[in-house]
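Down below is the structure, laid out as structure tokens.
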Amino acid sequence: MTLSVDPHSADRALAATGLLKTFNDAGVIGAAEVHAATRLHELYRPDAEPDENVRLGLAIALRALRAGSVCVDLRRAHELVLDAEVAPDADLPWPEPDVWWASLMASGLVDDADAPDTGAPLRRRGGLLYPARHFNDEENLRAWLNSSPASPTAVDGEMLRSSLDELFDGSLLPEGSSDQQRLAAVIAAHGSRLVLAGGPGTGKTRTVARILAVLARLHAQTGETNPPRVALAAPTGKAAARLTESIIEARGDLPPHWSSFLDGIPAATTLHRLLGYRPSQGFTRGRDAPLPHDIVVVDEMSMVALHLMARLLDALPAHCRLICVGDPDQLASVEAGAVMADITATGGTQSSAAETAHLQSFAAPAHPFPAVLAPPVVRLQHTFRFTGGIADLADAIRRGDPDATVSVLTAGHEDVTFSDVDAATAGQTVLAPVRERVIAHGRRLHAAADAGDATTALDLLEHHRLLCAHRDGLWGVAAWESRIHEWLDEAVPLSDAASEHDWYVGLPLLNTANQPDIGLANGDTGIVIRTPSGLRAAFTVGDTPALLPALVLNAARPMRALTIHKSQGSQFSEVTVVLPPPESPLLTRELLYTAISRARRHVHVIGSAESVRRAVVHPANRASGLGR
């Protein structure tokens, strides 16, 4: 039995026939995959009769891509129904894998990984089927991971050791524990690659700032009169701004004679801007026009798609160090690939005995390095800032333990609140704490915005955020936007300050497109404030608020609530998380972990215990060939 697609749905391909029609009717593949598979078959085999197995293989590869996977294992293709609106007992006529592969390889539409590239739209590596572009991108990443870890310059061992003793003395770590931060600095000094993984509060940015200082000192001792050219980047404008703030804060914790080594490092930018992306040209930086930097640091790597990572690797000059930083347990990028999770799961290349002994010689006696080292991956595990119920909750989710997760939620921690209800039908009594929090926050925002205090208003904007898994529906952003507007309008009220742009004083805004001409990036947040010239939107541009009229903000929309995906790269003092019902395909371990780890001081989860359990036991399933 299958759950048929609504005949009026945009996902229904009315002209589909054969297997494409069967799988489209079942909801496994959409209209886009049907049309693309049919067209590719016509382009590459114009004189051949349609081969149903080949067309279905094309469609399934594209369907997997839409789900975030860069490839599909045809032996497990039936698992795609787990993410589609298909009944669990759906009886679909999946081709026998060996027959399926034989049809595909005989079609001329698939090149084998080890054979010459004929320009076919698909590639095969082992039992995996890839769209050709994503195969090439993954090969690019694989080559980078497996490349020689040789340092761009010779390392002065004594200077490195003295630098480590000053900046990575392990004084904040438990006695006898491994100093992974110091290990990261050693690997960065000895190679051109470092992948620094860790959750909130593990000191990732502090570690990066100190690594940059060490590398700058080593660079100066080579006789170079100019400091190393450093680029800081992140996938979104919001994440880039936060990286800049974090580096400045970490720089302030350095001893004065060390902080000067970070002088001149520019503010972080988006990866697209770093690589010179132009809508009409694509990326202007690449092998023929590499970046002019000695060190590139990329934060929030979990949000970086495979294609973007491959373009970054193309643009790196041979001498450049790349430092990738992020939390592999967070949601992966919206586009295909789970680069950070794949790299950390795969690990690096295990060092030889001689290499291991050399690297371990830089460890502090009280904090030895692990016996087995696999550069360039280092995972920070000790938490310095992220403590209490939120930390326990994050740990339980990350471990995939549903019982422990529910136990933490219901334990009565001061920083964790749980409302075990259906968020769509919860009554006023259950929602009262949320309403009070939203109104209190809204009043503070309105007061600062009405006074024209852009700096205070922008700071207050980060104090609370309501996060949803869905954009639409009863549990989505749209429904909660409406509910919050009603609450605030009763309490403030908002209608007294309405404008012709449907703006009001204190309205939070989300910019949804890159607008470099006015200094805004997709994901930047702002707030409407009162000024002598009328209502203006205050956004942080650089170090100061910029006041912008509605006329130039075509891509700004109200932000009373936000999707969990959009919240990545940000943290807030308090977070309210609205979970959908357990049958939602969006409920994954990474989604729940990302949502609760946005909170610094308090998180309130609204949703059933069944939804929580379902999320914890369902990690995102993004297929790739790394590590195979």
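Note: Cβ is positioned from N, Cα and C throughout, glycine not excepted.
TrEMBL annotations: computationally assigned, not manually curated.
Now, the feature entries from TrEMBL:
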- Gly198, Gly199, Pro200, Gly201, Thr202, Gly203, Lys204, Thr205: ATP binding site (BINDING)
- 26-130: domain 'RecBCD enzyme subunit RecD N-terminal' (DOMAIN)
- 560-606: domain 'UvrD-like helicase C-terminal' (DOMAIN)
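Annotation note: Thr202 (ATP binding site) sits in a coil segment as assigned by DSSP.
When other Cβ atoms within 10 Å of the Cβ of Thr205 (ATP binding site) are tallied across all protein chains shown, the result is 20. Mean model confidence of the domain 'UvrD-like helicase C-terminal' (560-606) amounts to 93 (pLDDT, 0 to 100 scale).
Neighbour counts of Cβ atoms within 10 Å were taken for the binding-site residues Gly198, Gly199; the minimum is at Gly199. If you take the C-beta of Gly203 (ATP binding site) and look for same-chain residues 6 or more apart in sequence within under 8 angstroms, you find Gln181, Leu380, His382, Phe384.
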